[in-house]
Each structure stands twice: as C-alpha cells, then as structure tokens.
Amino acid sequence: MMSRQAFLCGLGSLYLSLLFVFLLMDVYARPANNSALKEKAADSKDENEILPPDHLNGVKMEMDGHLNKEFHQEVFLGKEMEEFEEDSEPRKNRKKLMVIFSKVDVNNDKKIGAKEMQRWIMEKTDEHFQEAVEENKMHFRAVDPDGDGHVSWDEYKIKFLASKGFNEKEVAEKIKNNEELKIDEETQEVLDNLKDRWYQADNPPPDSLLNEEEFLSFLHPEHSRGMLKFMVKEIIRDLDQDGDKKLTLSEFISLPVGTVENQQAQDIDDDWVKDRRKEFEEVIDANHDGIVTMEELEEYMDPMNEYNALNEAKQMIAVADENQNHHLELEEILKYSEYFTGSKLMDYARNVHEEF
C-alpha cells in the first residue's frame, strides 16, 4: 500500500505539472501584443531611460497599433491609478473613488455630467503629460552626460547599444573611426526605426541634434503635432495592406492575434476582434464611411483633442448610467468601479451612504 508521504508527494507533482500546462495554455492563448513583449524585454534601467515607451499614458492606441486597454482608467484616475493597483482593499478603494467623484462634481449637485467629465479627462491627460515632461528631464541627462544641452544621433546610438549589452567604449571608438559595427538584424531594425523617429523629432532648421524639448517629442510623440502625424503614418504603414494610406475595417482587425489552438484562445481572439470592430465603427471612423483616413486616425490619437474628450466623457457616462439621466451618480460609479478604476468593489451599496 502507498504511504501517506508518497501519496502527498505524488499529488504535489501532479499539481505542479497541471500548473505548468495551464501557464503554457495562457501564454499561447494570448493575442500577439508587441507592447507586452517589449515591456518584458526592457529590464535594465538604462534601456528604460533611453528607449521610447511602447505604452503612452492617456492615448487610446499603443505604438504597435493595439488598443490601450487601460485608457479609461488612465484618463479617470491619472497618477492615482497606481494606488488602485497597489491597494486592493475594497473599503479604501471606495473612499478614494468617493474623493475623486467629489472632485469631478464641480457644481456639487451629487452627479457628474458630460462637461464635468470632459474637464476632468483633460486635466488627467495634462497630468500624464506633465509627468512625461519631468521624466524626460531625467532621461535627457542620461543621454547627455557632458551637459551641453544637445544630443547627437551618434551619442544616442552609443547609449542605446550599451543598453543592449554592447561595450560602450568599443562602440564609441568604432563610430568615431567610422568602423563597421557588428549588430544583429533585430537590433539593427530597431535602430533604423529609431533613426527615422529621431530625424522627425529634429525641428527645423534640422541640425541632427536634439535639445531637451525635441527629445521629449522623440520619446512622447503624442504631445507634438508633427510627431503625432509621424506616429499615425507608422501605424497605418503597419496595418495598410493595399498601400492606399487608409484603413478599412478588415485591415484594422487583421493584426496577428495569436495562434488559435483551443477554445480559450478562440474566445480571446473573438473578443479582441469585437473590441477593434466597435472602436473602428463607433469612434475612429468619424464620418462612418467605412474608411479611416490619416486625418481621422490623427484626431483619434490626439490626447489633447477636446472633442475627443467630450465624446469619451459621454461614452464613459453611458456605460454606468443605469437610470438613463445622462449623468453619473456615486452609486453608479461604485457599481461599475472596475470600468473606471480596474478595481472591483464588493458590497458597494451597503457601504456607500454611511461613508459618503
């Protein structure tokens, strides 16, 4: 007869095996998202400091063309979003959400209208931008060690390759002497793309040097009109299959979404396509002609577009407006807290009146 110890050992091994299988299933079931892959790859501090981020706070679409799944939380919470992620205690989160509600409700009528939400969205978006400006000062110092206020492409290239594991002194010497650098194909492709972006950020008259403001445009193109156009061109280039510099619905939903090998993966892919179809038809395609132009995509991507902010405010209200009065009451926001904060608050109705 099997001993109790052996039996428990066997159960432990079985549990670990099943856990490994489920983890594998989860990995292969996820839609392809280059943003997530790049975030995992960017482990070193230096690389994070000098590489343009894939994820742009308060922008509806990622640099690789994927929809920003956290957009609603980013424009509703601003910098406080991290507090909701770190603190999972429902009671504390309820109180935080109540404080936010009172700030959005500027006329103190105990409900939030579209104009109030629009003002709040613009304020939180500007908050993200100011945060990017502050971070950029630190990042710029990292690539401008001599402090002359300008960075050349070669200086940036040296720092970039050093962050990828290349010997900084050797790279600097080879570049100085115009010697060939042995760079793998993937790294070279990234460098070529960054170089195009670098020259786009170099404001007229072009001098191949970026100052602090231009470097901000390089890292955060969403806050520069010229760079916003460049970002839109890059996204359309990646999605446009017939070369007409416009997007049809089929092109917009045809990004590779993972290998479908089981029902779980199929469900994820179906949800992904459903979300993109809805965004294309209801938001991006402003004139509803079935075609998205560069101009339409640029307006959609512009985080400081007031019309977009008002449209977003109306959409956010519609999600939780159960009594259909075109406003949000505190109870409604608490009930739909997961949409606004990413945090699901339990027993909200039982506590709301005693806490607020």
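From the backbone N, Cα and C atoms, a Cβ is placed for every residue, glycine too.
Quick caveat, the model's predicted, so the values are computed rather than measured.
Annotated features in TrEMBL:
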{"type": "DOMAIN", "residues": "92-127", "note": "domain 'EF-hand'"}
{"type": "DOMAIN", "residues": "131-166", "note": "domain 'EF-hand'"}
{"type": "DOMAIN", "residues": "227-262", "note": "domain 'EF-hand'"}
{"type": "DOMAIN", "residues": "272-307", "note": "domain 'EF-hand'"}
{"type": "SIGNAL", "residues": "1-29", "note": "signal peptide"}
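When Cβ-Cβ distances below 8 Å are used as the criterion, the domain 'EF-hand' (131-166) is approached by residues 44, 46-47, 49-51, 57, 79, 172, 175, 181, 183, 187, 191, 194-195, 198-199, 208-212, 215-216, 219-220, 223 of the same chain, each at least six residues removed from its ends. The predicted model assigns the domain 'EF-hand' (227-262) a mean pLDDT of 83. For the domain 'EF-hand' (92-127), the DSSP counts in helix, strand and coil order read 27 helix, 1 strand, 8 coil. Here the domain 'EF-hand' (272-307) is broken down by DSSP into helix, strand and coil counts: 23 helix, 2 strand, 11 coil.
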